[in-house]
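Database features (Swiss-Prot):
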BINDING   64, 67, 70, 114  [4Fe-4S] cluster 1 binding site
BINDING   74, 104, 107, 110  [4Fe-4S] cluster 2 binding site
DOMAIN    55-84  domain '4Fe-4S ferredoxin-type 1'
DOMAIN    95-124  domain '4Fe-4S ferredoxin-type 2'
């Protein structure tokens with residue numbers, strides 16, 4: 001009889017332990033159900049790149065003076081600059097300019113050291129191709145401006161992944177009912193413009209007040 005009660009007690013203890021572990025697992029599941037989504041449904045949704053994002057290089061042919069500074073500062077001597085010397089003007093004439101993005105490491109040295117600012121980094125990062133030779137962009141392909149994520153009608157940009165509110169270090173701490181994590185870049189610009197306008201109004205009013213005090 002004592003053995004029977006011992007078996008019942010052990011079975012009950014095991015059942016309670018199993019239920020506790022089951023509830024712990026469900027608690028983790030329910031905790032993640034209330035969190036904000038992190039996964040991006042690419043390519044239907046895209047994150048907005050940062051302001052200084054180093055994407056595909058944009059090239060302006062008319063500004064280039066064929067100085068080849070970009071070639072000298074490139075860690076792998078990647079840009080190919082084809083030019084000839086004009087004997088009449090004694091100046092370089094640019095014929096062709098190309099960059100192979102299959103080899104480029106996007107360090108941004110060429111953009112930083114260009115004396116005429118003919119090179120700039122764009123927000124374009126979709127450079128996948130079936131043929132690696134198609135990644136060798138000439139001056140015509142480099143001159144095309146990319147389509148911005150914020151203006152592309154076929155893409156829903158995730159604007160809620162902007163700046164976090166003050167004193168918030170974890171995006172999951174933001175309530176799910178809130179539409180986004182922080183201010184949008186457009187709202188930040190509007191706030192800066194409004195602040196600049198207020199400063200100008202205050203300065204003009206102070207100047208008028210000083211002029212009124214003069215005899």
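Using the three backbone atoms N, Cα and C, a Cβ is placed for every residue, glycine included.
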Cα-Cα distance linking residue 107 ([4Fe-4S] cluster 2 binding site) and residue 114 ([4Fe-4S] cluster 1 binding site), given in Å to the nearest integer: 14
Listed in sequence order, residues not in 74, 104, 107, 110 with Cβ within 8 Å of the centre of the [4Fe-4S] cluster 2 site Cβ atoms: 57, 70, 73, 75, 76, 78, 79, 99, 105, 106, 108, 109
Cα within 10 Å of residue 110 ([4Fe-4S] cluster 2 binding site) - qualifying binding-site residues among 64, 67, 70: 70
Candidates 74, 104, 107 (binding-site residues) - the one closest to residue 67 ([4Fe-4S] cluster 1 binding site) by CA: 74
Nearest-integer angstrom distance between the alpha carbons (Cα) of residue 70 ([4Fe-4S] cluster 1 binding site) and residue 107 ([4Fe-4S] cluster 2 binding site): 12
Intrachain C-beta neighbours of residue 107 ([4Fe-4S] cluster 2 binding site), sequence separation six or more, cut-off 8 angstroms: 54, 74, 75
